[in-house]
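Data block below; observations after.
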Amino acid sequence: MKKMPEKHDLLTAMMAAKEQGIGAILAFAMAYLRGRYNGGAFKKTLIDATMCAIIAWFIRDLLVFAGLSSNLAYIASVFIGYIGTDSIGSLIKRFAAKKAGVDDANQQ
């Protein structure tokens, strides 16, 4: 009996997700380095970097959806890591408020 009969299927699945994984690693590294450089606490920096990696995992699909080249995924992943989840969240809130027609001066 083989030790790991599903090894080839596992390797195939890992190779299929290689591009997304590289983008996630780039975003994680950039967010972690940015957070530590700015003097952030280790735990907060690690959580922010993980959230950036999750967002960057799907950036290739978002670029294709937007009609842009998927070759921009690596630089977009680094950009995601650089701006961080706080900036991404505020951009999404601003976009949603504009679409909903909300004009509140107290929005950040």
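Glycine too: its Cβ is placed from the backbone N, Cα and C atoms.
Annotated features, as they stand in Swiss-Prot:
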type	residues	note
TOPO_DOM	1-38	topological domain 'Cytoplasmic'
TRANSMEM	39-59	transmembrane segment
TOPO_DOM	60-71	topological domain 'Periplasmic'
TRANSMEM	72-92	transmembrane segment
TOPO_DOM	93-108	topological domain 'Cytoplasmic'
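Non-local neighbours of the topological domain 'Periplasmic' (60-71) in the same chain are 19-20, 23; each lies 6+ residues outside the stretch with a CB under 8 Å from one of its CB atoms. Averaged across the topological domain 'Cytoplasmic' (93-108), the predicted model reaches a pLDDT of 77.
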